[in-house]
């Protein structure tokens, strides 16, 4: 089954917990802290596999989570990091944040990877907290949760040439005679229900990729017919071959067909209307077709189009069309990627972050937000008194009590920091 758009949820692995441990040596029952760190959680990674051509593998499973990191142990043994979860996608997969619609990645090359959800960092063991004024720390950190997000995957096929035109004009027949592609071919509309890719070999060392785009009709940009489901696959092509049924057997005017398809391209994406086009007047083997060629070809050539009368069924004129296409492609730039703004993302070190704490009262609850204090809360083991005391010292260091009092907090009020709720007490 061909699937070219899907939404999934991904989550990086939870970081492993650090451990509280002390050396047990002969004559030194409390020989100092030796608790190891927890391992980092695994990442969720998208990797391009050129053997795939659909997103169908994501149709029935929509939630993916990488392996969590392992906990630390005594003797300064750090936990193993969780295994990355690699999800294979076809070339041409575009990744969007499903909530913000932000373009995250455009994956086109075989083996190309993108980390779509980072694993959580492992918690530090108590050996990390030893210092001159704290020789026997009895607390460690819990691991951080992995990054979690919803993403939308869209497949935009990677092809040099796109075949466009009304249904039943001969696109599938053409790609079948010039490549090894074997699309379903029949004499009725919308026979082609998915794009077909074929490699056109001009010589042993020269070839290009052609995509047979399912038939477009008026209103395609709004989803009429097979519509915008397949228009996106034209976006990556460098060149379009516009196939027209010159026989008139369908009862339509060839010139009106040409205008209609180009209007749909422009309405869907203005850049498509300026994409170079070669016109193939197909089915010249049928009665009356050559007379129509004499009428239509001069009109299109006057507009600046290169026109080839062909018969995909008998292969007449096909060789000339394909070799001209190959020559023209040599002159056109290769632009595979969908443009996005360059962004430099700097993740500050946990210990060096400057905190900006905000306190807001919502529905009677005082909600505290701040990257650092929220992270400390997440990493605190509330079953460990020493860890809780350390958290209170951190919050006091950041003047949280003063900020809460400024907002009018009273004893017994609920204070929420990250996922945790506390009862305020002076």
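Glycine too: its Cβ is placed from the backbone N, Cα and C atoms.
Taken from Swiss-Prot, the feature domain 'Obg' covers 1-158, and the record attributes it to sequence analysis. For 159-330, the entry in Swiss-Prot reads domain 'OBG-type G', with the evidence type sequence analysis. Sequence annotations record features per position, and here Swiss-Prot assigns GTP binding site to 165-172, 190-194, 212-215, 282-285, 311-313 based on sequence analysis. Annotation source Swiss-Prot lists Mg(2+) binding site at 172, 192. For 349-426, the entry in Swiss-Prot reads domain 'OCT', with the evidence type sequence analysis.
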In three-state DSSP terms, the structure that residue 311 (GTP binding site) belongs to: strand
Cβ packing number for residue 172 (Mg(2+) binding site), 10 Å threshold: 23
Stretch-averaged pLDDT - the domain 'Obg' (1-158): 91
All-chain count of other Cβ atoms within 10 Å of residue 311 (GTP binding site): 21
Other C-beta atoms that fall within 10 angstroms of the C-beta of residue 165 (GTP binding site): 25
Where residue 165 (GTP binding site) falls in three-state DSSP terms: coil
Residue 168 (GTP binding site), number of other Cβ atoms within 10 Å: 19
